[in-house]
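Inspection log for the structure reproduced underneath, given as structure tokens.
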Amino acid sequence: MSDLHNESIFITGGGSGLGLALVERFIEEGAQVATLELSAAKVASLRQRFGEHILAVEGNVTCYADYQRALDQILTRSGKLDCFIGNAGIWDHNASLVNTPAETLETGFHELFNVNVLGYLLGAKACAPALIASEGSMIFTLSNAAWYPGGGGPLYTASKHAATGLIRQLAYELAPKVRVNGVGPCGMASDLRGPQALGQSETSIMQSLTPEKIAAILPLQFFPQPADFTGPYVMLASRRNNRALSGVMINADAGLAIRGIRHVAAGLDL
């Protein structure tokens, strides 16, 4: 029997990409899975596909009331919460400082940080009491942009660096009751979109990066699928396999950190 059998897992952004892969994996592990998903169509698809195995709630991660509404349903269904996975996010399609108009940069910043940072903070706030009671865990999705430049523009990169600080602070504040960790995947097959303020809400990451381009920069030389990254989340959520880790961020970068030096700077053609 899996360590996660009957564990109550709450995942944001479970309708596509990595979030959907996490929903699938935790259901396979025997967990009671719930998700907060912005898209009504994706909520309907989740319910049709997984039936009674999923509690799919339509809502916005930038709205505390939506978190609370989802959590109330989770506690009614399961009586507890064992792990919160903050995963919903948006990307900036490498929108650069120089080429982005100031007004757009400002509005894009607020929209992106509201989702990528405030969304995590509000989720942590809503879930903390239940996780303290269960002595559970939080896991937040980062990115290779939490460690390296060039995985996005300044908006996205700054948001993921901010999330690392949030993980450390929450791990400190919630110890010893709640373990708080992060997983930073590299580029993958995903429907990740951008901010509406940047005109990117209908543009997915795969329209900016081809599978060949992603595979070419990775020392492991393959194009990752979302399911390739679910293992670290399962390990971190497991009470038996992760009693000792908190404030830890797993850099699941397919070897990016071991690359040799190729480019001195990204602005040589300015």
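The backbone N, Cα and C atoms fix where each Cβ goes, glycine too.
Listed in Swiss-Prot for this protein:
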- TYR156: active site, proton acceptor (ACT_SITE)
- 10-34: NAD(+) binding site (BINDING)
- SER143: substrate binding site (BINDING)
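Counting only residues at least six positions away in the same chain, the Cβ atoms of LEU4, ILE9, ILE11, VAL33, TYR233, VAL234, ALA237 sit under 8 Å from the Cβ of PHE26 (NAD(+) binding site). Distance noted between the C-alpha atoms of ALA34 (NAD(+) binding site) and the residue listed as 'substrate binding site' is 23 Å.
Listed binding-site residues: LEU18, LEU22, ALA34. The one with the lowest count of other Cβ atoms within 10 Å of its Cβ is ALA34. When secondary structure is read from DSSP and collapsed to three states, ALA34 (NAD(+) binding site) falls in the strand class.
When the alpha carbons of GLY14 (NAD(+) binding site) and the residue listed as 'active site, proton acceptor' are compared, the span between them is 20 angstrom. Neighbour counts were taken at the CB atom with a 10 A radius for the recorded positions PHE10, TYR156; the maximum falls on PHE10. The two recorded residues, SER143 (substrate binding site) and the residue listed as 'active site, proton acceptor', show a Cα separation of 9 Å. DSSP assigns PHE10 (NAD(+) binding site) to a strand in the three-state reduction.
Per-site Cβ counts within 10 Å over the binding-site residues GLY14, GLY30 peak at GLY14.
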